[in-house]
Amino acid sequence: MRRCIKCKTPTGIFIPHHKLSLCKEHYVEWYQQRVETTIRKFRMFTRDDRILVAVSGGKDSLALWHALVSLGYEADGFIIDLGFGQFSEDSIHVSQKLASSLGRPLHVMDLNKEFYSINEIKKKDRRPICSICGTVKRYFINLYAKKLGYQVVATGHNLDDEVAVLLVNTLSWNVEYLRRQYPVLKEGNGFVRKIKPLCKTTEMENRTYVEVNEIEFVEYKCPYSKGATSIEYKKFIEDLENTSPGTKLRFYSEFLRKVYPLLQKGVEDQGVKPCKVCGEPTSGEVCAVCLIKQKMSG
Ligand code: SF4
Ligand code: ZN
Ligand code: ZN
């Protein structure tokens, strides 16, 4: 039986790539400390900033919200009701439960009421559903953060997500995307600051954190997530990690340390300007959400 390295209590929690055994109490302390270190290292925000956590009802975003509030940050939740039946209902239900136990507000936006449901849009838009959903979510999260007076939006992207995206972009040398793969996207040009405080914690670490804290979350995936290529990449990365623990963290951290700064040299402003219709930031004349609106109205 392994014992906690701090208090010597017998424990089943072991983190291979850090070679750490911790009891529940010390695991929570270690996890929160790791999140705090990431926030400070990348200068994500200060105690004066109001943070809006984009939650989905999944383990990662709920772990993030719980950890930020436990660390003393002013962090509230935001969820979009995507209208995906039981999945959306469950997602909102667990997020509301956490909101009450944290004593923080959860803002819920009903996409169907305020815009169009994803399923309706899909009937007139031939892009993959996740691409439509991603565009719409990014737009409304940014818009709501500004409307509600939050300076920062935090998302629950974890190390596994970041490594999968990094691998995909490296395999095709997609320099434009690699140039933007950083845990902080600065505010400006109509965008609030976007941050990923869980970029150095794995999916498994987030799962352990919610389980230890008895936070209810939606265990099953969105009904439209099937076939996402990132799942295949994640399996491949997991095999590498099992053979050589620490590979994921090294790949990502060394990219940020050695490659990311090189990619910033000589980068011009991306040419973001206000959308001619709604005034929200876009790289074209009319933003992607206004283009959807135009398609929907015929
Ligand atoms: Fe949207 Fe579901 Fe795709 Fe996620 S998996 S982007 S929630 S459609
Ligand atoms: Zn302990
Ligand atoms: Zn627009």
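Cβ atoms are placed via backbone N, Cα and C, with glycine included.
Classification of Cys4 (Zn(2+) 1 binding site) by DSSP places it in coil, neither helical nor stranded. Contacts of Cys4 (Zn(2+) 1 binding site) defined by a Cβ separation under 8 A and a same-chain sequence distance of 6+ are given as Pro10, Thr11, Ser21, Leu22, Cys23, His26, in order along the sequence. If you look up TrEMBL, you'll see Cys4, Cys7, Cys23, His26 marked as Zn(2+) 1 binding site.
Around Gly156 (ATP binding site), a 10 Å sphere centred on its CB holds 22 further CB atoms from the protein chains shown. The annotation ATP binding site is assigned in TrEMBL to Ala54, Val55, Ser56, Asp60, Ile80, Gly156, Asp161.
Counting every protein chain shown, the number of other Cβ atoms lying within 10 Å of the Cβ of Cys287 (Zn(2+) 2 binding site) is 23. Annotation source TrEMBL lists Zn(2+) 2 binding site at Cys275, Cys278, Cys287, Cys290.
The domain 'tRNA(Ile)-lysidine/2-thiocytidine synthase N-terminal' annotation in TrEMBL covers 51-219.
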About how far apart, in whole Å, are the alpha carbons (Cα) of Ala54 (ATP binding site) and Cys275 (Zn(2+) 2 binding site)?
24
Specify the nearest of the binding-site residues Cys7, Ser56, Asp60, Ile80, Asp161 to Cys287 (Zn(2+) 2 binding site), where nearness means the distance between Cα atoms.
Ile80
Where's the emptiest Cβ shell within 10 Å among the binding-site residues Cys7, Cys23, Cys275, Cys278, Cys290?
Cys7
